[in-house]
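Visitor: Swiss-Prot lists these features:
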type: BINDING; residues: Thr51, Cys52, Asn53, Arg54, Ser99, Glu104, Asp105, Gln106, Gln110; note: substrate binding site
type: ACT_SITE; residues: Cys52; note: active site, nucleophile
type: SITE; residues: His89; note: site 'Important for activity'
type: BINDING; residues: Gly179, Ser180, Gly181, Glu182, Met183, Gly184; note: NADP(+) binding site
Amino acid sequence: MPELFTIPLALAGISHHAADIATLEAFRFPDEAAFLHEARERFRGVLLLQTCNRIEVLVQGDARSLEGFLQEKGRHGFTVIEGEAVPRHLLELAAGIDSLIVGEDQILGQLKQALAAAEEAGTCCSAIGLCIKKAVHAGVRVRRQTQINRGAVSVGSAAVTLAENLLGTLRDRHILVVGSGEMGVLVAQALAARGLTAIYVANRTYERAVMLADKIGGRAVNFKDLYRYIALSDVVISCTAAPHPVIRTEDIRAVMEERLWPLDTHPRHLILIDIAQPRDVEEGVRSIEGVHLFTIDDLRNVNDATMESRRSEADRARGIIDEEAEHFVRLLRRAAADETLALLYTWAESIRARERDRALARLRERDDRTAEVIDDLTHALTNKILSDVTTAIRACAECGDITTAEALMRAITRGEPCFQNEE
């Protein structure tokens with residue numbers, strides 16, 4: 001018998017647990033739409049999740065095929081999980097337990113965006129849609145029933161905390177935020193929540209910079225004036241979605257010359273915090289005197305400082321995940337059973353139609369009414385015969401008793417080639 005009652009799921013990727021920012025950057029797929037289009041030829045369903053600290057590929061397919069596909073794409077050093085380990089991982093991910101900043105809320109939106117991209121690309125099968133929606137639902141429940149997202153709960157807010165730790169206080173400091181997308185909004189909000197007033201927002205689209213600056217009581221900066229404002233700033237937090245660096249080494253070298261007063265021997269220190277993926281700031285700025293560059297890798301220490309207070313909340317979250325995981329697996333088993341039972345009903349319908357036509361052919365005299373009655377009768381008999389057994393098959397599949405479910409299928413379909421067991 002072909003493999004039934006199972007939806008093969010596999011997930012592969014890398015994350016902050018085992019990869020630094022350079023490794024993540026190298027693994028990233030710059031053209032997500034092209035990747036999904038190519039993967040669609042190999043798998044029934046594909047979803048690509050790319051965040052600041054993880055790149056993961058979820059497919060309806062087997063782990064070996066996924067591993068081979070990624071290796072063909074020049075990606076190595078990733079981990080692969082399959083089967084019922086996949087839904088549990090997605091639950092932990094959505095709950096924020098697996099995040100760099102434990103409890104962060106942004107992962108929920110990122111999962112939704114990845115799902116929307118897969119739907120737009122035509123790579124979202126029903127199983128993947130079910131997985132992501134269920135994971136997001138569970139993530140919302142964890143945050144509602146625990147305080148796991150208390151404190152610095154985003155990469156953006158953690159970047160602000162890092163700047164605060166480095167300087168002692170951000171009061172009377174000039175802070176420049178480069179980028180006004182989702183991460184830029186989080187950074188700006190975290191700054192505004194501290195009552196800071198010297199906040200500047202730069203964005204390639206000036207109107208978006210104005211909108212964000214107005215919301216937080218800051219000042220919008222035209223992107224052509226970026227380096228002039230970097231020269232005036234104490235801290236620059238950069239988080240654009242540009243595919244290439246926007247803050248270059250030679251330009252920062254010139255900026256630092258402007259920060260050197262005639263009687264000073266050293267320029268004023270400049271803190272650059274790059275939380276973009278791919279990177280916004282060229283690595284070469286580290287060689288410039290007075291420049292201090294920090295990246296997502298440096299945010300781990302900020303997270304470690306808050307972990308102790310969240311440990312009990314994480315334990316509570318795992319309890320919720322245990323409950324959700326059991327229900328999640330049952331849903332996937334039921335979905336797999338429904339796919340198999342759809343095949344069963346298709347098979348039964350072909351037999352019903354064949355026998356109906358044979359019966360009608362044997363009647364010497366028949367009219368439309370007779371044909372309608374016989375058609376209704378055969379429909380009713382088929383559904384009645386299958387009703388109880390399909391309920392039993394579905395129940396067995398849901399609780400993981402695949403052996404019994406397959407035995408029931410054999411009992412019904414033995415002798416028919418579409419379900420014949422190949423021994």
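Every residue gets a Cβ built from N, Cα and C, even glycine.
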Visitor: So if I draw a 10 Å sphere around the Cβ of the residue listed as 'active site, nucleophile', how many other Cβ atoms end up inside it?
Guide: 23
Visitor: Would you kindly give the Cα-Cα distance separating Ser180 (NADP(+) binding site) and Thr51 (substrate binding site), rounded to the nearest Å?
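Guide: Per the Cα atoms, Thr51 (substrate binding site) and Ser180 (NADP(+) binding site) stand 17 Å apart.
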Visitor: Work through the recorded positions one by one (Cys52, Asn53, His89, Ser99, Asp105) and name whichever has its CA nearest to the CA of Ser180 (NADP(+) binding site).
Guide: Cys52
Visitor: For a quick check of packing: other C-beta atoms within 10 Å of the C-beta of Ser99 (substrate binding site), how many?
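Guide: A 10 Å sphere around the Cβ of Ser99 (substrate binding site) contains 25 other Cβ atoms.
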Visitor: Can you give me the Cα-Cα distance between Asp105 (substrate binding site) and Cys52 (active site, nucleophile) in Å, rounded to a whole number?
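Guide: Given the Cα positions, Asp105 (substrate binding site) is 14 Å from Cys52 (active site, nucleophile).
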Visitor: Just counting, how many other CB atoms are there within 10 A of the CB of Gly179 (NADP(+) binding site)?
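Guide: That number is 27.
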Visitor: Taking Thr51, Asn53, Gln110, Ser180 as the binding-site residues to compare, which has the smallest set of other Cβ atoms within 10 Å?
Guide: Gln110
Visitor: Could you check the binding-site residues Gly181, Gly184 and say which one's CB has the most other CB atoms within 10 Å?
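Guide: The most densely surrounded of these binding-site residues is Gly184.
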Visitor: Provide the number of Cβ atoms within 10 Å of the Cβ of Asp105 (substrate binding site), excluding the reference atom itself.
Guide: 18
Visitor: Please give the maximum pairwise Cα distance, in Å and rounded to a whole number, for the substrate-binding set Thr51, Cys52, Asn53, Arg54, Ser99, Glu104, Asp105, Gln106, Gln110.
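Guide: For the residues that bind substrate, the greatest Cα distance is 15 Å.
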Visitor: Restricting the comparison to the recorded positions Cys52, Gly181, Met183, which residue's C-alpha is spatially nearest the C-alpha of Ser99 (substrate binding site)?
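Guide: It is Cys52, whose Cα lies nearest.
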